[in-house]
Amino acid sequence: MPKNKGKGGKNRKRGKNEADDEKRELVFKEDGQEYAQVLRMLGNGRCEAMCIDGTKRLSHIRGKMHKKVWIAAGDIVLVGLRDYQDDKADVILKYMPDEARLLKAYGELPENTRLNEGIVGGIDDDDDGLVDDYIEFEDEDIDKI
C-alpha cells in the first residue's frame, strides 16, 4: 500500500472557499469602474450586465474569480470599463447581499435597484391575476362520471 505523501485528495481541493464567511472591507467604485447588475449568464466566463449608467454591457469574468466566485442573475458586481470598447466590461468584484444593501444605503446604487431577486425585473409575490388550477366538483358531477 502506498504511503500518503500529500495533504489530501480532490475533496480537499474543492473546499477552498472556507474563509468567505469573514467580513471584508466594502470596496467603492473608482474612475474607470461602474456598478452593474447581472441580467443573465452567457457561459464561457461571460455575462450580460446592466450598468448603473444605463448601458447594457457584455462582461467578462476575470480569471481569479472564474470557478471560485459564483455569479448568478440579479447579483450586484463591480465592473471595469474598457477605454477602447464601450459595450464590453470586465467583472472585478461580486458584492455579497449585505454589501449590496450597504451600497444602496450609502446612495451608491439608485433606489429603484432590486437587490434580492434572482431575475432582474422581479417576481410578483401577490397572485392577483393568476388563475386557480384547482377545480371543485359537486357530488352530482362525480356520479355522472
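Just so you know, glycine gets a Cβ as well, placed from its N, Cα and C.
As annotated by TrEMBL, compositional bias 'Basic residues' applies to 1-15. Among the features that TrEMBL reports, compositional bias 'Basic and acidic residues' is placed at 16-25. The domain 'S1-like' annotation in TrEMBL covers 22-96. Among the features that TrEMBL reports, region 'Disordered' is placed at 1-25.
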Composition by DSSP (helix, strand, coil) of residues within the domain 'S1-like' (22-96):
0 helix, 36 strand, 39 coil
Check the domain 'S1-like' (22-96) for me and report the mean pLDDT.
92
